[in-house]
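Taken straight from TrEMBL:
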type	residues	note
TRANSMEM	40-60	transmembrane segment
TRANSMEM	72-90	transmembrane segment
TRANSMEM	102-126	transmembrane segment
TRANSMEM	133-157	transmembrane segment
TRANSMEM	163-180	transmembrane segment
Amino acid sequence: MENLISIFLIGLGLSMDAFAASVCKGLSLQKKDIRKTLKIGFYFGFFQALMPIIGFYLATNFADSIKSIDHWIAFILLGLIGLDMIKGSFEKDCPIDSGFDFKSMITISIATSIDALVVGVTFAFFNSNIFQAALIIGIITFFMSVLGVSLGSVLGIKYKQRAEIVGGVILIVMGFKILFEHLNLF
(Lines of atoms letter the chains of each structure in order from A and count residues from 1; the text may use other names and numbers.)
(Lines give C-alpha, C1' and ligand atoms only; values in the text may rest on other atoms or scores of the structure.)
Protein backbone atom coordinates (compact mmCIF):
# COMPACT_ATOMS: atom_id res chain seq x y z
CA MET A 1 0.00 0.00 0.00
CA GLU A 2 2.78 2.42 0.93
CA ASN A 3 4.42 1.69 -2.42
CA LEU A 4 1.21 2.65 -4.26
CA ILE A 5 1.04 5.90 -2.32
CA SER A 6 4.65 6.64 -3.24
CA ILE A 7 3.99 5.85 -6.90
CA PHE A 8 0.88 8.04 -6.84
CA LEU A 9 2.83 10.95 -5.33
CA ILE A 10 5.67 10.53 -7.82
CA GLY A 11 3.10 10.39 -10.63
CA LEU A 12 1.48 13.55 -9.34
CA GLY A 13 4.86 15.28 -9.16
CA LEU A 14 5.83 14.15 -12.65
CA SER A 15 2.49 15.23 -14.09
CA MET A 16 3.05 18.86 -13.12
CA ASP A 17 5.29 19.58 -16.12
CA ALA A 18 2.59 18.20 -18.39
CA PHE A 19 -0.04 20.14 -16.42
CA ALA A 20 1.90 23.39 -16.89
CA ALA A 21 2.37 22.69 -20.61
CA SER A 22 -1.34 21.87 -20.85
CA VAL A 23 -2.23 25.21 -19.27
CA CYS A 24 -0.14 26.86 -21.99
CA LYS A 25 -1.84 24.79 -24.69
CA GLY A 26 -5.20 25.75 -23.19
CA LEU A 27 -4.27 29.42 -23.44
CA SER A 28 -4.04 29.03 -27.23
CA LEU A 29 -7.60 27.72 -27.54
CA GLN A 30 -10.22 30.29 -28.43
CA LYS A 31 -12.94 28.12 -26.91
CA LYS A 32 -13.22 24.76 -25.19
CA ASP A 33 -12.38 21.96 -27.60
CA ILE A 34 -12.89 18.51 -26.09
CA ARG A 35 -11.13 16.76 -28.98
CA LYS A 36 -7.94 18.80 -28.57
CA THR A 37 -8.17 18.55 -24.79
CA LEU A 38 -8.33 14.74 -24.92
CA LYS A 39 -5.59 14.65 -27.56
CA ILE A 40 -3.25 16.56 -25.24
CA GLY A 41 -4.16 14.29 -22.33
CA PHE A 42 -3.48 11.20 -24.41
CA TYR A 43 -0.12 12.38 -25.75
CA PHE A 44 1.17 13.55 -22.37
CA GLY A 45 -0.21 10.52 -20.51
CA PHE A 46 1.22 8.06 -23.04
CA PHE A 47 4.72 9.51 -23.01
CA GLN A 48 4.72 10.00 -19.25
CA ALA A 49 3.90 6.26 -18.96
CA LEU A 50 6.36 5.14 -21.64
CA MET A 51 9.44 6.97 -20.37
CA PRO A 52 9.69 5.27 -16.94
CA ILE A 53 9.53 1.90 -18.70
CA ILE A 54 12.42 2.90 -20.96
CA GLY A 55 14.41 4.24 -17.99
CA PHE A 56 13.68 1.11 -15.98
CA TYR A 57 14.98 -1.22 -18.68
CA LEU A 58 18.05 0.91 -19.32
CA ALA A 59 18.85 0.87 -15.60
CA THR A 60 18.31 -2.85 -15.08
CA ASN A 61 21.45 -3.44 -17.13
CA PHE A 62 23.59 -1.79 -14.46
CA ALA A 63 21.46 -1.81 -11.29
CA ASP A 64 23.37 -4.67 -9.64
CA SER A 65 26.71 -2.90 -10.01
CA ILE A 66 25.52 0.26 -8.21
CA LYS A 67 23.15 -1.28 -5.67
CA SER A 68 25.15 0.12 -2.74
CA ILE A 69 24.55 3.72 -3.84
CA ASP A 70 21.16 3.43 -5.56
CA HIS A 71 19.40 5.37 -2.79
CA TRP A 72 21.83 8.27 -3.23
CA ILE A 73 21.29 8.24 -6.99
CA ALA A 74 17.50 8.25 -6.55
CA PHE A 75 17.76 11.05 -3.96
CA ILE A 76 19.99 13.19 -6.20
CA LEU A 77 17.98 12.59 -9.40
CA LEU A 78 14.59 13.30 -7.79
CA GLY A 79 16.04 16.33 -6.02
CA LEU A 80 17.55 17.77 -9.21
CA ILE A 81 14.35 17.20 -11.19
CA GLY A 82 12.33 18.82 -8.39
CA LEU A 83 14.66 21.83 -8.18
CA ASP A 84 14.59 22.23 -11.96
CA MET A 85 10.78 22.22 -11.92
CA ILE A 86 10.72 24.87 -9.19
CA LYS A 87 13.29 26.98 -11.08
CA GLY A 88 11.28 26.64 -14.31
CA SER A 89 8.12 27.78 -12.55
CA PHE A 90 9.49 31.31 -12.37
CA GLU A 91 9.53 31.72 -16.15
CA LYS A 92 6.73 34.18 -16.78
CA ASP A 93 5.71 33.19 -20.28
CA CYS A 94 4.45 29.99 -21.83
CA PRO A 95 7.26 28.85 -24.11
CA ILE A 96 5.05 26.10 -25.51
CA ASP A 97 4.30 25.76 -29.21
CA SER A 98 0.59 26.42 -29.59
CA GLY A 99 0.22 23.88 -32.42
CA PHE A 100 -1.73 20.65 -32.09
CA ASP A 101 -0.18 18.82 -35.06
CA PHE A 102 1.69 15.52 -34.65
CA LYS A 103 5.19 17.08 -34.65
CA SER A 104 4.29 19.73 -32.06
CA MET A 105 2.59 17.21 -29.79
CA ILE A 106 5.40 14.64 -29.99
CA THR A 107 8.03 17.29 -29.30
CA ILE A 108 6.33 18.73 -26.21
CA SER A 109 5.30 15.27 -24.98
CA ILE A 110 8.90 14.05 -25.04
CA ALA A 111 10.18 17.29 -23.50
CA THR A 112 7.75 17.10 -20.57
CA SER A 113 8.43 13.41 -19.95
CA ILE A 114 12.24 13.26 -19.92
CA ASP A 115 12.15 13.50 -16.13
CA ALA A 116 9.93 10.40 -16.09
CA LEU A 117 12.69 8.52 -17.93
CA VAL A 118 15.07 9.40 -15.10
CA VAL A 119 12.50 8.37 -12.49
CA GLY A 120 12.20 5.03 -14.30
CA VAL A 121 15.88 4.52 -13.52
CA THR A 122 15.13 4.92 -9.81
CA PHE A 123 12.27 2.40 -10.05
CA ALA A 124 14.78 -0.20 -11.29
CA PHE A 125 16.82 0.17 -8.11
CA PHE A 126 13.86 -0.83 -5.96
CA ASN A 127 12.46 -3.67 -8.07
CA SER A 128 9.20 -1.79 -8.57
CA ASN A 129 6.41 -3.19 -10.71
CA ILE A 130 7.23 -0.86 -13.60
CA PHE A 131 4.08 -1.54 -15.59
CA GLN A 132 1.85 -0.77 -12.62
CA ALA A 133 3.86 2.38 -11.89
CA ALA A 134 3.80 3.47 -15.54
CA LEU A 135 0.04 2.93 -15.76
CA ILE A 136 -0.57 4.99 -12.62
CA ILE A 137 1.75 7.77 -13.83
CA GLY A 138 0.12 7.78 -17.28
CA ILE A 139 -3.43 7.95 -15.92
CA ILE A 140 -2.56 10.72 -13.47
CA THR A 141 -0.83 12.69 -16.23
CA PHE A 142 -3.79 12.22 -18.59
CA PHE A 143 -6.22 13.67 -16.06
CA MET A 144 -3.88 16.46 -14.95
CA SER A 145 -3.32 17.41 -18.59
CA VAL A 146 -7.04 17.53 -19.32
CA LEU A 147 -7.47 19.69 -16.22
CA GLY A 148 -4.56 21.90 -17.31
CA VAL A 149 -6.03 22.55 -20.77
CA SER A 150 -9.40 23.36 -19.22
CA LEU A 151 -7.89 25.74 -16.68
CA GLY A 152 -5.62 27.29 -19.29
CA SER A 153 -8.52 28.07 -21.59
CA VAL A 154 -10.49 29.61 -18.73
CA LEU A 155 -8.12 31.02 -16.12
CA GLY A 156 -4.83 31.62 -17.90
CA ILE A 157 -1.25 31.24 -16.75
CA LYS A 158 -1.88 31.89 -13.04
CA TYR A 159 -1.79 28.20 -12.02
CA LYS A 160 1.23 27.15 -14.12
CA GLN A 161 3.76 28.41 -11.57
CA ARG A 162 1.99 26.91 -8.57
CA ALA A 163 1.67 23.52 -10.25
CA GLU A 164 5.37 23.35 -11.10
CA ILE A 165 6.38 24.38 -7.57
CA VAL A 166 4.10 21.73 -6.03
CA GLY A 167 5.40 19.09 -8.45
CA GLY A 168 9.00 20.00 -7.67
CA VAL A 169 8.44 19.88 -3.92
CA ILE A 170 6.73 16.47 -4.18
CA LEU A 171 9.68 15.00 -6.08
CA ILE A 172 12.20 16.45 -3.61
CA VAL A 173 10.22 15.04 -0.67
CA MET A 174 10.08 11.61 -2.35
CA GLY A 175 13.87 11.76 -2.82
CA PHE A 176 14.34 12.47 0.88
CA LYS A 177 11.90 9.65 1.73
CA ILE A 178 13.96 7.14 -0.25
CA LEU A 179 17.19 8.34 1.37
CA PHE A 180 15.77 8.37 4.91
CA GLU A 181 14.28 4.89 4.52
CA HIS A 182 17.64 3.53 3.39
CA LEU A 183 19.41 5.21 6.31
CA ASN A 184 16.73 3.78 8.64
CA LEU A 185 15.64 7.25 9.71
CA PHE A 186 12.04 6.45 8.74
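Each Cβ is built from the backbone N, Cα and C atoms, and glycine gets one as well.
Within the same chain, the transmembrane segment (133-157) stays apart from the transmembrane segment (72-90): fewer than three Cβ pairs sit under 8 Å, each pair at least 6 residues apart. Under the criterion of 3 or more C-beta pairs below 8 Å, with sequence separation of 6 or more, the transmembrane segment (40-60) and the transmembrane segment (163-180) do not qualify as touching, having fewer than 3 such pairs. Long-range contacts of the transmembrane segment (102-126) within its own chain (CB-CB distance under 8 A, at least 6 residues past either end) are made by residues 10, 14, 17-18, 21, 25, 39-40, 43-44, 46-60, 63, 66-67, 70-71, 73-74, 77-78, 81, 84-85, 96, 133-134, 137, 171, 178.
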